[in-house]
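Chemist: Below you will find the structure I want to go over with you.
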Amino acid sequence: MSALEKSMHLGRLPSRPPLPGSGGSQSGAKMRMGPGRKRDFSPVPWSQYFESMEDVEVENETGKDTFRVYKSGSEGPVLLLLHGGGHSALSWAVFTAAIISRVQCRIVALDLRGHGETKVKNSEDLSAETMAKDVGNVVEAMYGDLPPPIMLIGHSMGGAIAVHTASSNLVPSLLGLCMIDVVEGTAMDALNSMQNFLRGRPKTFKSLENAIEWSVKSGQIRNLESARVSMVGQVKQCEGITSPEGSKSIVEGIIEEEEEDEEGSESVNKRKKEDDMETKKDHPYTWRIELAKTEKYWDGWFRGLSNLFLSCPIPKLLLLAGVDRLDKDLTIGQMQGKFQMQVLPQCGHAVHEDAPDKVAEAVATFLIRHRFAEPIGGFQCVFPGC
C-alpha cells in the first residue's frame with residue numbers, strides 16, 4: 001500500500017435505503033403534512049446517499065492538505081462535483097442518488113478549501129487560482145497519471161471554479177463541463193448586495209434541527225430532503241462549547257481575544273466571557289465559514305467567467321433557475337450553439353438541491369447525447385429544445 005493510500009480514510013457503505021417519510025427526491029419541496037403532524041427537520045447522515053467517504057491528502061509547499069470527498073458508483077465517467085460558497089459536498093447528496101440511478105457514472109463530491117470537512121494550512125486563500133489548483137491536485141492524488149474521463153459540474157462559486165479549472169487545463173482527462181445557476185453578469189451585479197444578505201442571516205442556531213428548519217423556511221434550500229443532509233456541512237459546533245477553558249471564544253461566529261492587562265480589564269473580560277458562554281450554550285451552532293471575510297475573492301471568481309466558459313473546447317451545459325439570468329456574452333454564445341442550456345423554473349438558487357431529479361435528468365441526457373455514459377434502469381432521454 002502506498003503512502004497516499006495509507007493517508008486516505010475510506011469508509012465504504014452500502015447504497016442508501018429509502019428515507020423514512022420521503023416520497024422521492026422531490027418530496028421535500030412539496031411535502032404536505034396531515035393534521036397535527038410536524039415536518040421532520042432532523043439531520044440525515046451522508047451514508048444515506050453516498051457509498052463511501054475519503055480524506056485525500058495533497059502535498060504542497062506548505063505541507064499537507066486534506067480534502068474530504070464523498071463517492072458513489074464504480075463504472076463510467078467521473079462526475080466531479082463542486083459546491084457553492086458556504087455549502088459543502090453534501091449539497092450534492094440527493095442529486096447523487098438521482099443521477100446514479102439513471103446513467104453509469106462515478107460520483108466524486110469535493111469539499112473545497114475552507115468548507116465542509118476539508119482541512120488545509122491556509123483556509124483563507126479562496127482565490128479562483130488556488131481552488132482550481134486544488135481540484136487538479138485532488139484528481140492527481142486520487143488517480144495518478146492516468147485519470148478516468150471526468151466531467152466537472154459546479155454550482156455558483158463551484159461553477160466558476162470548474163470553469164477556471166477547465167480553462168487552465170488542470171484536469172487532463174476532462175470531457176465535459178457544467179455550470180449550475182452561475183452567470184458572470186448576474187453574479188457581478190449581485191456582489192453589491194451580498195454583504196447585506198449575509199448580515200441578514202442568523203449567526204448562530206440552537207441545534208442542527210433549528211438550522212435545517214431555517215434553511216427551508218427562509219427558502220435557501222426549498223427541498224426538505226436535501227436540507228436534512230446538506231445543512232450538516234454548512235454549520236458547526238461553536239468551538240467554545242467543547243473547549244471553554246481556551247483563550248478564544250466564538251461569539252456569533254466572531255473570534256475575540258481575551259486581554260489581561262490589568263485587574264479591572266480581567267474582570268470585564270471574565271464577565272463578557274461568561275455571557276458569551278451562555279450565548280453559545282443556548283445557540284451552540286454557527287456557520288463553518290464566514291463568507292463575509294472572503295469578499296476580496298468574489299470578483300476573481302466571476303469576472304471574465306462567460307468568455308472563459310465559452311472558450312473551453314469541450315461540450316458544455318448551462319443549467320439556470322431562470323432565463324433572465326443570461327448575460328450578453330452567453331446569450332450570443334447560446335444562439336451560436338456553443339453550449340447546451342436548460343432552464344429549470346420554480347427553483348431557488350440551489351437548483352441541484354431544490355430539483356435534484358430534474359438536474360439529474362438534464363445531466364444524464366447530456367452524458368448520453370455525447371455518448372459519455374450509458375443509460376441504466378430504463379432511463380429515457382428527452383432532449384431539450386435549447
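Positions of Cβ are set from backbone N, Cα and C atoms, glycine also.
Under the heading active site, TrEMBL lists Ser156, Asp181, His349. The compositional bias 'Acidic residues' annotation in TrEMBL covers 255-265. Annotated compositional bias 'Basic and acidic residues' per TrEMBL: 268-280, in sequence order. According to TrEMBL, the domain 'AB hydrolase-1' annotation covers 79-362. According to TrEMBL, the feature region 'Disordered' maps to 1-38, 255-280.
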Chemist: Just checking, which of Ser156, Asp181, His349 (active-site residues) has the fewest C-beta atoms within 10 Å of its C-beta?
Modeler: His349
Chemist: Can you grab the distance from Asp181 (active site) over to Ser156 (active site)? Cα atoms, rounded to a whole Å.
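Modeler: Computed Cα spacing between Asp181 (active site) and Ser156 (active site) is 6 Å.
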